Amino acid sequence: MDTLLKTPNKLEFLHPVHGFSVKASSFNSVKPHKFGSRKICENWGKGVCVKAKSSALLELVPETKKENLDFELPMYDPSKGLVVDLAVVGGGPAGLAVAQQVSEAGLSVVSIDPSPKLIWPNNYGVWVDEFEAMDLLDCLDATWSGTVVYIDDNTTKDLDRPYGRVNRKQLKSKMMQKCILNGVKFHHAKVIKVIHEEAKSMLICNDGVTIQATVVLDATGFSRCLVQYDKPYKPGYQVAYGILAEVEEHPFDTSKMVLMDWRDSHLGNNMELKERNRKVPTFLYAMPFSSNKIFLEETSLVARPGLRMDDIQERMVARLNHLGIKVKSIEEDEHCVIPMGGSLPVIPQRVVGTGGTAGLVHPSTGYMVARTLAAAPVVANAIIHYLGSEKDLLGNELSAAVWKDLWPIERRRQREFFCFGMDILLKLDLPATRRFFDAFFDLEPRYWHGFLSSRLYLPELIFFGLSLFSRASNTSRIEIMTKGTLPLVNMINNLLQDTE
């Protein structure tokens, strides 16, 4: 799944280096929390197999390593004092995608990031058809012909929809090379302040450099470096712990990606942990690359407050023990927290947002990378159009027009429905969650495909909801009616208040 934000084990949002939705992995210096009281030997030898147990598994996490792209970047020259058309704050997929497309139109663009050549540490999983539509199939380093969902020990859903893992080095290289070819300049710094004038904005960087731009794009992820909010931000949280590991063996079919494994038989001997999992369930997400290399991630789909990281790690250890997965080595690990739902930023406002900054994460699933990349042409084309239009839009008027194109009313209504879905999921325990997904993946593919990929709009979403309700068990229908009534009322009220 998309992994976007680094946290320690308590859900404390760190003040991040802008431009990176910070995520703990082997690419940073945050040490994983060691849980369990068993003392661990210091000298695990190379090739030693470790049956997942207490903190022994985490002792295999490698030391920090950072990998940079191996090519030179054209740097921004502050001595010229030029006003660029677009300043992009943040060098993640969201920011680079817009920078690439705006610069293709011949506009001047500067990308500001403290580590512009650093390869993203995030693990991104996407539906293959989403990347195919954007001509990005060459940026997938592994694909599976389908996915599987384990509802419980007796019910399995085989989904005929190919899935892939993003090659983050290839994706960033491809985007950066196009930016360079188009004349994008890069500045190695962090933006600490923005000052707006009538027709331009001045970005003050931590190295003392001031960059002037007609349009400012905040692509800093959930740090929300420049974009402003005027409502309480109360999202749900998707929390996960994952490892890319070499194992002796694993029980999964290497031709299928495990989208969700809701089984809890691994908790049979630990009633306290089983009860916690019943109340706030977690599932396994797994990418089997071969018979002995696999990405494993224990995930809480959405909770408020989010689960503690050590709780999730404990559940993962119990699951791996039960599955007989013996870890030989860990190539990288990740702690991720994805805020889901919550209020949108102030719309419109002078700084334009994209990606996590602009609320593009799917409130019901946590998916974002494909949605963000698909939204890049919308943002880029709006900037290109309004900068070059005869209307002579500048400053607040120009930004307002771009925001309107990014969040038209049909997209806002769609997001409201997705938040309604999240509010229901927040209330479901493990049995109810199983019943929900048993019905969800029995829907016609066009419905569940469209829901997961943000392709359904409100009229279609209403039919989606009715279809889901009709396929649900009687127990699940009662749960949806009792637990979904208040979220439904809130959604309808928000829809009525939100007008053009």
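Cβ coordinates are placed from backbone N, Cα and C, and glycine is handled just like the others.
In the three-state DSSP scheme, G106 (NAD(+) binding site) is classed as coil. The Cβ neighbour count for G106 (NAD(+) binding site), using a 10 Å radius and every protein chain shown, is 11. As annotated by Swiss-Prot, NAD(+) binding site applies to 86-114.
Per Swiss-Prot, transit peptide is recorded for 1-81.
With all protein chains in the displayed structure included, the most crowded Cβ environment within 10 Å among the binding-site residues G90, P114 is that of G90. On its own chain, V98 (NAD(+) binding site) has L86, V88, L217, A219, T354, A376, V379, A380, I383 as residues at least 6 apart in sequence with a Cβ closer than 8 Å to its own Cβ. The binding-site residues listed here are L86, A94, V102, V110; among them, A94 has the most other Cβ atoms within 10 Å of its own Cβ.
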